[in-house]
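Below is one structure; the comments refer to it alone.
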Amino acid sequence: DDDEQHRIPLSNEIVLKGHSKVVSALAVDPSGSRVLSGSYDYTVRMYDFQGMNSKLASFRQLEPSEGHQVRSLSWSPTADQFLCVTGSAQAKIYDRDGLTLGEFVKGDMYIRDLKNTKGHITGLTCGEWHPREKQTILTSSEDGSLRIWDVTDFNSQKQVIKPKLGRPGRVPVTTCAWDRDGKRIAGGVGDGSIQVWSLKPGWGSRPDIHIEKGHDDDITGLKFSADGRILLSRSSDDSLKQLIFTGTSVERDSSSGGLLCFYDRTKLQLVSKVGISPTCSVVQCAWHPKLNQVFATIGDKSQGGTHILYDPSYSKRGALVCVARAPRKKSVDDFEAKPAIHNPHALPLFRDQPSRKRQREKALKDPIKSHKPELPMTGPGFGGRVGSTNGSLLTQYLLKQGGMIKETWMEEDPREAILKYADAAAKDPKFIAPAYAETQPEPVFAKSDSDEEE
């Protein structure tokens with residue numbers, strides 16, 4: 001059996017769930033105890049094999065850059081920090097527990113020469129931590145450059161690498177990788193070329209190896225072999241160049257789903273393939289050397305997960321730790337009877353009445369209650385005001401008392417007072433009536449009708 005011969009751990013499987021969209025990035029730390037998964041739902045989830053039980057829940061969820069898909073994750077060689085690359089122009093560094101340590105600077109988009117900017121100016125595509133140095137990382141971007149950074153300085157990169165292009169312009173760098181010793185860098189360029197740079201004194205942007213037509217479409221992944229002699233590449237053009245194992249995408253009209261395909265390195269023959277999902281494509285995959293477990297991320301617009309394949313006979317720790325640790329069953333003693341507590345004085349009915357003294361003190365502090373009311377007025381007043389003086393002024397009061405001012409309007413009927421001038425007005429009109437006497441028609445008034453009045 002080929003699986004047995006190559007010791008491919010495929011007999012058992014678990015799935016780390018939690019993402020609502022396709023899982024696009026995966027990183028397992030060197031010791032194999034923690035897994036990071038990043039998704040198009042803009043979040044990164046952190047899983048810890050030592051702390052998980054068989055429910056396989058993540059212990060932390062991060063949103064590195066709001067509204068930007070997570071494209072790449074990478075642990076530092078000491079596993080105390082990790083790099084997160086999103087669709088934004090700024091990569092972020094987190095510590096092992098998911099706390100933000102810093103964010104790299106964004107470059108000036110108005111400077112034409114990318115070497116003069118202090119950071120990437122458009123969305124990142126990939127990033128990887130140096131395999132040996134704990135302060136060096138590599139990023140690639142849609143702006144057409146690769147940059148090497150020092151994680152102790154977030155304000156400027158150490159080195160800018162511009163790939164060799166057939167014609168001037170900006171072609172995105174779709175993926176990047178270090179070799180196992182950190183002495184070479186590989187970049188997959190949007191024109192289908194694969195370029196490799198050796199890090200040596202006085203090196204520049206001119207690549208040491210330049211494969212012009214590596215692929216016919218975007219290069220989606222690059223990896224160096226452990227001995228550094230072989231570079232593996234994968235592309236959207238459905239081809240693999242010298243690849244050991246890879247995930248496949250779901251084709252629209254095909255009946256097969258997302259697969260993991262394992263190839264013999266020397267003969268490049270298909271050794272084994274395993275179906276991971278009937279409906280979703282496999283996006284990222286990793287074979288952890290210490291755990292001897294295969295990780296594959298899948299998903300679409302509505303779901304996402306990380307499948308872990310292992311074999312109890314020759315896989316170690318990792319998924320085996322969680323599966324063995326089933327959730328604890330609740331015992332009778334876990335259930336605590338919660339008695340109903342009656343507090344009689346909580347109801348207003350049973351409360352003591354506040355003391356009279358306290359009520360008076362409260363009333364004095366209340367501005368409405370402590371306001372002095374206006375004195376009552378007696379008898380008729382004058383000028384709209386009621387008062388006992390029958391007038392607002394002392395003079396008026398004295399004149400009234402002496403009989404010099406006679407106010408008859410209090411006893412008089414208003415209708416009669418007006419009508420007594422009606423005859424005089426009709427006989428001798430003074431102002432308005434004579435002016436219109438010749439032209440004005442005779443007023444005709446409706447006669448009162450007893451029925452209508454009723």
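Backbone N, Cα and C atoms are what each Cβ position is placed from, and that goes for glycine too.
Check TrEMBL against the ranges 56-76, 161-181, 434-454 and you find region 'Disordered' recorded for 434-454. Sequence-remote contacts of a segment are chain residues at least 6 beyond its ends whose Cβ falls under 8 Å from one of its Cβ atoms, and for the repeat 'WD' (117-159) they are 68, 71-72, 74-78, 80-83, 85-91, 93, 101-109, 111, 169-182, 185, 187. Residue counts of the repeat 'WD' (212-241) by helix, strand and coil are 0 helix, 13 strand, 17 coil (DSSP-based).
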